[in-house]
Each structure stands twice: as C-alpha cells, then as structure tokens.
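A quick write-up on the structure given underneath.
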Amino acid sequence: MSFQHPSFGSVSDDRVIIFDTTLRDGEQSPGFSMNLGEKLRMAHALAALGVDVIEAGFPVASEGDFESVRQIAENVDGSVICALARSGGKRDIEAAGEALKKAKRGRIHNFISTSPLHMKYKLRMAPERVLELIAEGNKQSRQYTDDVEWSAEDGSRTEPDFLCRCVETAIRHGATTINIPDTVGFATPDEMQAIFTMLRERVPGADRVIFSTHNHNDLGLAVGNTLASLEGGARQIECTINGIGERAGNAALEEIVMALRTRHDRYGLNTQIETPRLLSVSRLLAATTGFDVQPNKAIVGRNAFAHESGIHQDGVLKHAGTYEIMTPESVGWNSTSLVLGKHSGRAAFRDKLRALGYEEIDDATFAAAFKRFKELADQKKVVFDDDVRALVDEEGRDHDRVELKSLTLQGGTRHAAHVSLEMTVDGELRQVEAEGNGPVDAAFRAIGEAFPHEATLALFSVGNVTEGTDAQARTTVRLQEAGRLVDGQGSDADTVVSAARAYIHALNKLLVKRERRAPEELTV
Ligand code: KIV
Ligand code: ZN
C-alpha cells in the first residue's frame, strides 16, 4: 500500500519518516541551547544523515529562533524544514510561514493541549474552544504550505472520544500529519499502540494522513513507546540525537533507527538514515553542547561495542555474532582511522573534518581551526578525532559577541594567581588584570571585570578531551541569571584557558537567551 504526501510524494507503507527535533525540543532543554552557527551546522549534519524532517525551531519565541529557522530553511537542502507554532496563535503561524519562505519544502507544525488537565489548568479553555483553534490554526497554516502537521499536546492523557474529535477536526482543516505526543512520558507501549490503532479505525479521513509519535523518556520508555506506536500504524517518529530533550529527553533517533534495522525481521520497516553517520552526528552534538553521552549509551556510548569480559572477548574473536547484534562499522565506529599529527596538511585536515561530519565549513572557520590544530599538534604528538571536534566547535562559534583574545597567567607556590586578559565585546577590545584564589578564580574575575554581569556560577567541571598528560582540558561552566540556565564549554591544552573559554561561551549563550521571551509571555 502507498500514500500520497505533499512533501514526500508516494510513501509506501513500510517506510518510516524520521522527524528530528534536536533543534527544537532538544534545544529548549536546560544547557542545550545553541547559537545560529551551531544550529546551522547541526542542521547540515542532520540533512546529510538522511533525516526526512528537521524541526528547526519555534520562530515566534525570539528573533534568534526566527533567524535560525529562516537560515536553515534557506541553506539546508535534502530535508523538509519544519517550524513550530501554536494552534490559533496567529502571530506564531505568521512567523513560522515567514521563516519558512525560502525552504524548498517547508512544514508548519501546530500544537495545542487536548488533555482535561492541560485544558483546565494550563489553557483555561473549554474543549469546544480548543477545537475552534485547531481548525483556525490549520486553515491559516495551509495558506503558507500544503505540509501541515498538527499535534495533540499531552495526547496520551487525552480522553479518547475527544482525541478522535480533535484529530478529525485537524484533518478536515488541512493537516497532513497527525502527531500524538506522550508529552510527560507517562504512557506504556501497549497504550501508545492502542491510541494509533483506535485513531486509524475511528477517525474519518485517517487514511489520508500520516500518523506520528513523539515520546518523552520520563520513565525510560520513549524508544519502546515509539516502536509500539509503529505497530499501531504510526509512520512518522519524532526523536532527537542522543535522546536530548525536555526533562529526561525524547526518544533517541540512533536507538530507534538501529532497532528497526537490526530487527527488520520483526518490524519489516525501513528508514532512509545513513547509519554509518550516526556516531559522527552524535559526537558533533556532544561537542557543540558539551554534554557527552554516558559510556553505556546504546549505539553511540564509548562502551557500546567494548567487550570487557574474557568470555565475551573469546566469543567475539571466534564469531562476532556471538555477542554483537550489529557491526560497529554500521553505526560509524572504526570508520575514520586517519590520525593527525604536526605534519598533516590542509587537505588531510579537511578530509578529517568531512569524515567527522563537518560538511559545510566556511573558509574563515577552516583557517582559524587549522591554525589552532597546528598549535595543538606542536603541543601533542597525536591529535585525535575528539581534539579536532573540540577545536572546530570553538572556532565555529562565529556569532559570539564576546571573544577571548589572549590570557597570560602568573602563579605557582610563591605568588598570588594573577591574570592579564584581553577580550572583545561586540568587536571592542577590553584589557584587564585580576588576582584571585587560584588561577581559574583570577581568570573568572578578569572576565567579570571586562564584561560586568549579574550571572552566578552554578557549576564548574573539568575533564579531558582524550587520554594522556598532554590531553586538552575540557571545561563546562554553568551560569544562572534570573531563572535562565546556560552551559558553556571550552577546551585547550592549558586548563585555565579552557576554563576561560567555557566561561565566555556561557556568557555568549546567556546573551542569546536574554532575547528569548519566557513561554508564559506568549499567549494563544
Ligand atoms: O512533547 C510535546 O508535546 C511537544 C509538542 C510541542 C509536540 O513537544
Ligand atoms: Zn516534546
């Protein structure tokens, strides 16, 4: 059986549409905000991965969100670009339509809460009003695009008869994809499956739309709920790289895709994801946000294919299938063996960047990253993939308003730590000196003097990018200001410089966040 879709043409019944919301649901969770350049880079990597739909943001939320959706729509090819808007929020839909204007294929994604709890306490709206807004929102969205998705927020806790009415209304007024989220991660797999079976049986017009599932991981069931939804007839899954997202996160793209591929015998469903790119996209996101995945994370964790016990090692040597259900190469492990050193030239460096998923890198970023790579290669014998990711990620922050220019440190056992620092703020050079209780404290005081702010330090942690005493330090700094939380990352062979970079990165993120209105200021 096949189905005609405005963006994908004829879609066969065994095809699963991958809708990635790393840049929207993922990005809105604490510590994961990204600037314009970072979002563009991630969007290119997602398109190269073969993601069908990229949810690029919520344009009405801020000028920054609008601009990133607009630029992704204009510059990223290969995927449908989607913008979020509230059903009935006229300005939301105008902003979404405007931001998507240059997209080759654009989708507007409308949502409104439909559960009794959300309608009564959050929206303070009668069910009939919710139905009106669903109709209005979809009609308005269809003026901009034929590809309209509608979501029932808190759908899994919605009363079944009302959910059917909402979905029928959404389809009648132009939705081509119907998404049922388990917004609070409360549902069980059998319940998610039953919702889709019911909707497909009961709602008139259900055969003309694609059903979509969107699962949060509060009980660790997001991937299970997603797979069960497919058994109920959903054919679009909403997910994020590394499972990032609100609270406990969303369903992890890499886990669902590999479950479908590895258990094709069980599900008989296909995606268009180029699975050997999974690891590099996961690493790219980790380098961009500074949050590594846990070592035992399925597919992309450091231990996912490591066999420690002697019995397992022996088995794998005799026949990999004894303990490996998929090959490491199929998800990108071991695929880039070229290690860089101080004799590596521009061509080798560019090849390495491509292999690591940095497809589109502008000349200025390339030149700056290459220069830092040469400096690092002088300090370290071997430059590993994670070193390269760390330095390209920093040089790629081209929209940063605050930049570190130089840092000189005096300290040791006989002197109080003293830092001389130069940084630019919106291009203007500021030079300061500061002393502190240790070098990091002195560096942070100097930054505070050069760029006064109210934010307080909520977390400071230092790790290493790779192994060995010559490894680069990787620092995370979390700043807090008026309910806003941001994490900045820095890396450098010098731990104090890495800490200063992380602090400055966090300040830049804070500047972006200050522009965003809090969700409660947005009224339907
Ligand atoms: O979790 C949720 O309900 C959402 C919707 C906006 C789709 O993210
Ligand atoms: Zn969500």
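Using the three backbone atoms N, Cα and C, a Cβ is placed for every residue, glycine included.
Heads up, TrEMBL stuff is auto-annotated, nobody curated it.
On a predicted model such as this, the values are computed, not experimentally measured, just so you know.
Features as listed in TrEMBL:
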- 16-279: domain 'Pyruvate carboxyltransferase' (DOMAIN)
- Asp25, His214, His216, Asn250: Mn(2+) binding site (BINDING)
- 403-524: region 'Regulatory domain' (REGION)
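This view paints the features noted in TrEMBL onto the structure.
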residue: Asp25; record: Mn(2+) binding site; DSSP class: helix
residue: His214; record: Mn(2+) binding site; DSSP class: strand
residue: Asn250; record: Mn(2+) binding site; DSSP class: strand
Quiz item: Just counting, how many other CB atoms are there within 10 A of the CB of Asn250 (Mn(2+) binding site)?
Solution: 31
Practice problem: Can you check which residues sit near Asp25 (Mn(2+) binding site), meaning Cβ under 8 Å from its Cβ, same chain, 6 or more apart in sequence, and list them in order? | Solution: Glu55, His214, Glu238, Thr240, Gly245, Glu246, Asn250
Quiz item: What other residues of the same chain, not counting Asp25, His214, His216, Asn250, have a CB atom within 8 A of the CB centroid of the Mn(2+) site?
Solution: Thr21, Pro181, Thr183, Asn215, Asn217, Ala222, Glu238, Cys239, Thr240, Gly245, Glu246, Gly249, Ala251
Exercise. For each of the binding-site residues (His214, His216), count the other CB atoms lying within 10 A of its CB, then report the residue with the highest count.
Key: His214
